[in-house]
Amino acid sequence: MEQTFIMIKPDGVQRGLVGEIIGRFEKKGFSLKGLKLITVERLFAERHYADLSAKPFFNGLVEYIISGPVVAMVWEGKNVVTTGRKIIGATNPADSAPGTIRGDYAIDIGRNVIHGSDSVESARKEIALWFPEGPVSWSSSLHPWIYE
Ligand SMILES: Nc1ncnc2c1ncn2[C@@H]1O[C@@H]2COP(=O)(O)O[C@H]2[C@H]1O
């Protein structure tokens, strides 16, 4: 089953959106396989966003991510990478549809509340970085009520 890495950013934690965001993934039917509240160091944030290191907003992005605790999660389910990105909405909240997390709770691209892996390969790398101990192995008893 596919897994993705989802992070509630410091603004999402400060604004009390943790329960709401987790609820959206849970209610969809995805399974939570890893969860930690963690404040990361600059070098760690730079590693997570290494692909963006040449972007003009890179330093500001790193400052934002290290500015407070984040909630790091692994979610599992069929097509969870793509569907998770749909639940989250477009990167720039100005373009995120109402009903998505960013569409409902964010205004500025520099405070967009949540991160989700953009591909299965990125998810694999991000889960390995944030959960070196590996995700938690368990099976939801609801599985037959969610999948045929
Ligand atoms: N033009 C931009 N200005 C500021 N931050 C940006 C810009 N484009 C992307 N980002 C940030 O870079 C992040 C990369 O992936 P995220 O989904 O975490 O969300 C993105 C935004 O937080």
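The backbone N, Cα and C atoms fix where each Cβ goes, glycine too.
Bear in mind that TrEMBL entries carry predicted annotations, made automatically and left uncurated.
According to TrEMBL:
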- His115: active site, pros-phosphohistidine intermediate (ACT_SITE)
- Lys9, Phe57, Arg85, Thr91, Arg102, Asn112: ATP binding site (BINDING)
- 1-138: domain 'Nucleoside diphosphate kinase-like' (DOMAIN)
In three-state DSSP terms, the structure that Arg85 (ATP binding site) belongs to: helix
ATP binding residues Lys9, Phe57, Arg85, Thr91, Arg102, Asn112: largest Cα-Cα distance, in Å and rounded to whole number: 21
Reported mean pLDDT - the domain 'Nucleoside diphosphate kinase-like' (1-138): 98
Residue among binding-site residues Thr91, Asn112 with least C-beta crowding, 10 angstrom cut-off: Thr91
Contacting recorded positions for ligand 1, chosen from Lys9, Phe57, Thr91, Arg102, Asn112, His115 when the Cβ sits under 6 angstroms of any of its atoms: Phe57, Thr91, Asn112, His115
10 Å Cα neighbourhood of His115 (active site, pros-phosphohistidine intermediate): matching binding-site residues from Lys9, Phe57, Thr91: Lys9, Thr91
Other C-beta atoms that fall within 10 angstroms of the C-beta of Lys9 (ATP binding site): 23
Spatial neighbours, same chain, of Arg102 (ATP binding site) - Cβ under 8 Å, 6+ residues apart: Ile88, Gly89, Ala90, Thr91, Pro93, Ser96, Asn112, Val113, Ile114
